[in-house]
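See structure below.
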Amino acid sequence: MAVSGCTNDNSFGPIVQGCRGDFDFTLRFQNIILGILPAAIFILLALTRVATLAFRSRIVGGKVLQFTKLAVIAATAALQLVLLILSSTSNDESVDGDTFAVANSALGFSQWIVTLALSFAEHSRAPRPSSILTLYLLLQILLDVTRCRSYWLLATSFQITRYAGVFTATIGLKVITLLLELQNKARWMTWRKEDHSPEETSSLFNLGVYFWLIGIFRNGFKKTLSIKDDLYLLDHEMQSKILLDRLTISFAKSSANVGKRFRLAKALGRALIVPLILPVVPRIAMIGFQYAQPFFIHALLEYLIHKDVPKNDGYGLIGAALIIYAGIAISDALFWYFHQRCLYMARGCLASYVYRSTTQGKMTDIGDAAVLTLMSTDVERIIYGFHGLHDFWANIIEIGLGCFLLQRQLGLAFISPIVVILLCVAATTAIAWAIGERQSRWMAKIESRVGLTSSIISNIKSLRISGITAPVRDLVQKMREQELSIGNKFRWLLIMTATVAFVPSAMSPVVAFAFTNEQLDTLKIFVSFSFITLLTNPLGAMFQSVPAVIAAFVCLERIQKFLEIEPRVDYRKSSRPLSPADGSLLEQDDEKPLGLGQGASKSLISIVDGSFGWTSEKMTLTGISVDVPVGKLTLVVGPVASGKSTFCKALLGEVPFSSGEVIVPSTEAPIGYCEQTPFLKNGSIRDNIIWHSVYNQTRYEEVLDACLLRTDLDILPEGDATTIGSNGIMLSGGQKQRVSLARALYLETDFLLIDDILSGLDNSTGNDVFRRVFGPNGLMRRRNATAILCTHAIRYLPLADHIIILATDGTVGEQGSFDKLAETGIYIPTLGLSDADDASSTNSSIPVEETVAATMPVPLTAFSTVSIGHLEAESRSTGDAKVYRHYYQSVNGWATMTCLLSGIMYAVGRNFPSIWMGWWGSNSFDRTSSFYIGIMGLFRGLQIISLFLCATAVVIFMTTQSGKLLHNEILNTLVNAPLRFFTTTDFGAVTNLFSQDMTLIDGELPISLLNTVIQIFDVFAMAVVVAVGAPWLAIAYPVVFSIIYMLQMFYLRTSRQLRLLDLEAKSPLYAHFLDTIRGIATVRAQKLRDQEILFNQDLLNLSQRPAYLLAMAQRFLATFLNLIVMVLAVGVVAISTQLRTNSGFAGSSLVTLMSWGESISSLIQYYTQVEVSIGAVSRLKAFAQNVPSENLDQEDLEPAEEWPTQGDIAIRGVSASYKNDDESPASEDDEESPNLALEDLTILVKPGQKVALCGRTGSGKSSIILLLLRLLDPLSNQSENIVIDGVPYNRVNRSILRRRLIAVPQDPVFLPDGSSIKENLDPFNVASDEECLAVLEDVRLTKFATDHGSIHAGIRADELSAGQKQLFSLGRAVLRRRVKQRLFSIHGGVLLLDEVSSSVDSATDNLVQEIIKEEFADYTIVMVSHRLNIVMEYFDSVVVLDRGRVVETGDPRDLAKTEGSWFSQLWAMEKK
């Protein structure tokens, strides 16, 4: 003891007495706490880690580095052995101390032996540096520095000096070891560096300060980022496939809890249990560092108050400040790293599971809007809501600590803040009861609006032809306003919750000080205030997060409800196993190719007493029993709504309600299925045909020839690489059907199921396709395939091997071979067909080049690239003030002024009390405590009121105003965009504007804007308070704020791009989702569900990359700002301790610093969120300004409502082109273009004349209808060459033109599901109920209305068959004519019909023509028709087109008799 001079070195202490300036720990304390305890824990953890790594294979090279590490570690171990020998043999109590010193040295040597093994295993078998080893080395270095100081202070003898020297040498080697262990091993990994993220090889320190993101920031600052080239890949654990498997297993384990609340939440927690727990340790550490602040403030104020304290204590306080605030920064960084990682793993789990469940669902349970909203909006709200998930348990710990420590300062008065908190909890709980319900209602409104908008985008052509764009546009805008109104009810609750959340932090100090009996001085005021701040700040954050957390659980419940919907059950039965060779339905030697007309053979598919329906109340097919022969062609015919499409779906196992048996060879074999409405994806023609199959050039060319697609591809600028647009919008109806048929034929299968796929083809093209595919030498016969073709084309019946005739009541009327049914049946004899027709038809061969005319809409890929690319460039522009101006122009000025003024008042109310407490502590005004408490309460009340006013102005008024105007702006742009825009622009990208971007404007943008305004004024007010306590620190403000400004500029360059990439990466994900929903029957029939799930996972992984990196980038910013606050805090302490400043103002500064760092971080983050959220406004602005309108300046003429009265149409010398270079009308330079849709067109139609447009597929028939409706523009110098009833066509406003002309599209359109029969029939609401009922009766749909109760009942479009939809669409046209006649007593007008009878049988076609003949007797009619018998019977004139030219006009009856005429050739083909 004599050597050390200390009285307690051999006791636990921990502080020494009587030596080393009384500023050191005792040796026993150092041996136990700084040596033995951490070493023992490390050895235990290290051995466990070595055992884990022992079973892994070697994945890292770098043997030179590994040898260097081991050499340094061995040298350190040797020195540790020397220290053990010295401590064991020394007689000096200063070194030996007691037996704990020897134990410490022994453990020190042992731990380095273990370190040797751990380093060896970690280097070769783990991708990143050892977290256990590097953390322990850092800790040990810090602890050893303390011990080293003690030894050198004791160095009064050779033995002690020798021990201290060796100990110092070990510290140097430990530093070297730490630096070596921190070396990144990416260059030595055995994997490809390009396939992995730097995150996977980063050390814990690298992750903690987000240094692994530097590459992203550097690239983002220099150039425009792209996802595939610049963004890091996701690591293995975040891959969607891995996450999906985890959630699937976890969710399946709780199958007994179906329908119970929180089932999905619990399953998600189990699936991500490790990522969920990892943030706990740094969060606990953060609590410790935060609660060290009040003790630190207490120590600092005591130091400043007592002038006789040793100066060393001041240095200790500076060191303590460094440790505390650095600890807060690092623990916060690590917490958010692990937490954000967990959140995006949850996103991957949920999004992939929703998609997979969608592919398993029944067709009736899958709706575009609802399911897409689950995958997009609901999942995003879950991630947003769970940001504060760990705060709930952490806040309980913090509240308990805060109450305990506050009680020690204020006595029983600590209860008063608890009362305030409990009252706020009660208020928040009461509000929370309504949050879930109001949010659900709001989300339902969003679903409906997005669903209708997506329907508009996909059906814009038919909507414009129908002339109902305006009422549909008004309906969408009305739904948007209702959505905002419902959303405001939810937002009011958010404002109330936010206001209540700030009450504890604002009013608790006032209440606590008012009720305390303690004597309040500077020390007690500021220490108590710091405890209250730590007690109430977490509660404020928690209260604010309550609505978001509740919303997250509501969204989880919505997703769970969807996931628990009973999946589609394949009720079909297999009769024999799948062939192992290629998945075909036929056994390899089962059948030989059979000739035509050999009759039925072995049954491939059987239905026994089957009944099938789409609702439980009504069966579409009843009691049917059929057999489908192998290797044969079976035709299914029947009247409209007899159930032909349902028959196809029944064979696929897709009808939700069924009875009886459906027997197939194998339920796992693919079926080449073609839907009646072709399902095509937004991709190239080649991609649509091949899909997920392996490319086989021979098979591919064979299919192109069979479907007559070669000529179509030859005239396209990019051939089969041409992008066809969403829903194949750039293709004609017949071309869509042939591409769909080509996909089915390309599939490796022996069974084709074709649902009326030839209805959109002219007779000659249809016959040739039929011959090439189903004829005696057709592709189907050569493959010995079995085919079922549902059709209205009775001319093919003699070619069938087997015929199934469905009756109107959904039963099988007759079935058998053609010969059998012709002899004994009822249906066939009435058709006038004979077997002789077979030979003449099948032997005729039309050359391919004559079958398909070389005129079609040309894909405008250049336009697509320019428009979308321009939107991206506009969105990524840095600091575009025009975007902010555009946003603020959409809101009222008074709301903006209210926001700014209330923000200033909030900052004053929140921060002035800190200065006031300094005056109070020194009693500057010589008044009682009540005076100071009263003034403090006044300012805190001002804070709460100002917050409420600011939130109301931004979240309610600004959101509502901007939401209406911005949506209306882009909606008008959408409905007025030229048709060319829709043929080339990605469906998902446009839908994303109305879903994701609108969600940002309604939700994230106003909240971020509110917080930014609040934080701007708050930060500047805090800066004033800090400067009052440390005036010299104010000198550094320009430097500090310059650093922050440069940081945010550097940061924003990248974060803005990441946010936009995040939004853009979701577009293909959502588009694919919608494609899957539309084509789910095709996907499942062709057994491509697994491939589609994998493709979805690839898209999800792609969308995760920018979203995850953006979240990490935001935490990088927060960490950097926390480190800046650390520097400021150390500066305040240094100035205060060295200059001995006023204790009251020093307390103000430190108390303010406790929140200032968080406020600065929040300001930058909120401002960044505003910047990236304003990107949504930028995209909307760019969309509205850069997407041209189809309306031109001179089109301002609005004819009288009764126009046209006569129907006189004159088209003289007009050519038209689908322009691809700009949005101006096509110019005369295009006249020689080979891509002219119409060339030198002259058609004169007299009033009341009935004109049919005929010609082969692609000849330009539909283009004339589009021309008359201004959906296709004539060349610019010919726009005056079209006149209707004397009115110059080029002057009439386009939307008015389409309302005045009555047109019926080929593809009927309906209002969103749930709209009434009357609303669909009369979108303009100008007809009476009686008129609507009369029209329904005339089009034979009265029963449909009666089944629903009334015409005001809501309907779904899929309740109608394809034929019924056409009749309904015709009924809409009839109603418009009758209303016009009632209002204006006008009998004449113009009716345009685009192949309206393509989806109906001959009987229904005759009904359609009779209705047209009777209703539109005085109208001029222009109709596209492939059914020439109708033309012969009902039309006065026919216009025959070929390759966009009029090649013949005249009376169809005369032309049919004229030998060699174009029409006579078509008529001859029709007769065959």
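Even glycines carry a Cβ here, placed using N, Cα and C.
Taken verbatim from Swiss-Prot:
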BINDING   638-645, 1255-1262  ATP binding site
DOMAIN    284-551  domain 'ABC transmembrane type-1 1'
DOMAIN    605-834  domain 'ABC transporter 1'
DOMAIN    900-1139  domain 'ABC transmembrane type-1 2'
DOMAIN    1218-1468  domain 'ABC transporter 2'
CARBOHYD  Asn682  N-linked glycosylation site
CARBOHYD  Asn696  N-linked glycosylation site
CARBOHYD  Asn763  N-linked glycosylation site
CARBOHYD  Asn784  N-linked glycosylation site
CARBOHYD  Asn843  N-linked glycosylation site
CARBOHYD  Asn1101  N-linked glycosylation site
CARBOHYD  Asn1277  N-linked glycosylation site
CARBOHYD  Asn1293  N-linked glycosylation site
TRANSMEM  100-120  transmembrane segment
TRANSMEM  197-217  transmembrane segment
TRANSMEM  271-291  transmembrane segment
TRANSMEM  316-336  transmembrane segment
TRANSMEM  386-406  transmembrane segment
TRANSMEM  412-432  transmembrane segment
TRANSMEM  493-513  transmembrane segment
TRANSMEM  534-554  transmembrane segment
TRANSMEM  938-958  transmembrane segment
TRANSMEM  1003-1023  transmembrane segment
TRANSMEM  1024-1044  transmembrane segment
TRANSMEM  1116-1136  transmembrane segment
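Shown on the structure are the features that Swiss-Prot records.
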{"residue": "Gly638", "record": "ATP binding site", "Cβ contacts under 8 Å, 6 or more apart": "Lys644, Ile805, Leu806, Ala807, Thr808, Gly813, Asp1401"}
{"residue": "Val640", "record": "ATP binding site", "Cβ contacts under 8 Å, 6 or more apart": "Ser1361, Ala1362, Gly1363, Gln1364, Leu1367, Val1400, Asp1401, Ala1403, Thr1404"}
{"residue": "Ser642", "record": "ATP binding site", "Cβ contacts under 8 Å, 6 or more apart": "Leu806, Ala807, Thr808, Gly810"}
{"residue": "Asn696", "record": "N-linked glycosylation site", "Cβ contacts under 8 Å, 6 or more apart": "none"}
{"residue": "Asn1101", "record": "N-linked glycosylation site", "Cβ contacts under 8 Å, 6 or more apart": "Leu234, Gln239, Ser240, Gly348"}
{"residue": "Asn1293", "record": "N-linked glycosylation site", "Cβ contacts under 8 Å, 6 or more apart": "Asn1191, Glu1195, Asp1196, Leu1197, Glu1198"}
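Here the listed stretches are 271-291, 386-406, 412-432, and the one with the most C-beta pairs under 8 angstroms to the transmembrane segment (316-336) is 271-291.
Across 386-406, 493-513, 1003-1023, 1024-1044, 1116-1136, the stretch most heavily in contact with the transmembrane segment (412-432), judged by Cβ pairs under 8 Å, is 493-513. Averaged across the domain 'ABC transporter 1' (605-834), the predicted model reaches a pLDDT of 87.
Just so you know, of the glycosylation sites Asn682, Asn763, Asn784, the Cβ with the fewest other Cβ atoms around it within 10 Å is the one at Asn784.
For Asn1277 (N-linked glycosylation site) paired with Thr1257 (ATP binding site), the C-alpha to C-alpha distance reads 28 Å. Stretch with the largest number of CB pairs closer than 8 A to the transmembrane segment (1024-1044), among 271-291, 386-406, 938-958, 1116-1136: 1116-1136. Counting every protein chain shown, 26 other Cβ atoms lie within 10 Å of the Cβ of Lys644 (ATP binding site). Taking the Cα of Thr1257 (ATP binding site) as the reference point, the closest of the glycosylation sites Asn682, Asn763, Asn784 is Asn763.
When the C-alpha distances from Gly1255 (ATP binding site) to the glycosylation sites Asn682, Asn763, Asn784 are tabulated, the minimum falls on Asn763.
Of the recorded residues, Asn763 (N-linked glycosylation site) and Ser1259 (ATP binding site) place their C-alpha atoms 13 Å from one another.
In this structure the alpha carbons, written CA, of Asn682 (N-linked glycosylation site) and Ser1259 (ATP binding site) are 24 Å apart. Counting Cβ pairs closer than 8 Å to the transmembrane segment (534-554), the top stretch among 197-217, 271-291, 386-406, 493-513, 938-958 is 386-406.
The secondary structure of Lys644 (ATP binding site), as reduced to three states from DSSP, is helical.
Across the candidate stretches 271-291, 386-406, 493-513, 1003-1023, the maximum count of CB pairs under 8 A to the transmembrane segment (938-958) is reached by 493-513. Of the candidate ranges 197-217, 271-291, 493-513, 271-291 contributes the most Cβ pairs within a distance under 8 Å of the transmembrane segment (386-406).
Taking a C-beta cut-off of under 8 Å and a sequence gap of six or more, Lys1261 (ATP binding site) has these contacts in its own chain: Leu1253, Cys1254, Gly1255, Val1424, Leu1441.
Comparing Cβ neighbour counts within 10 Å across the recorded positions Ser1259, Asn1277, the minimum falls on Asn1277. Just so you know, the Cβ of Gly1255 (ATP binding site) picks up 28 other Cβ atoms within 10 Å once every protein chain is counted.
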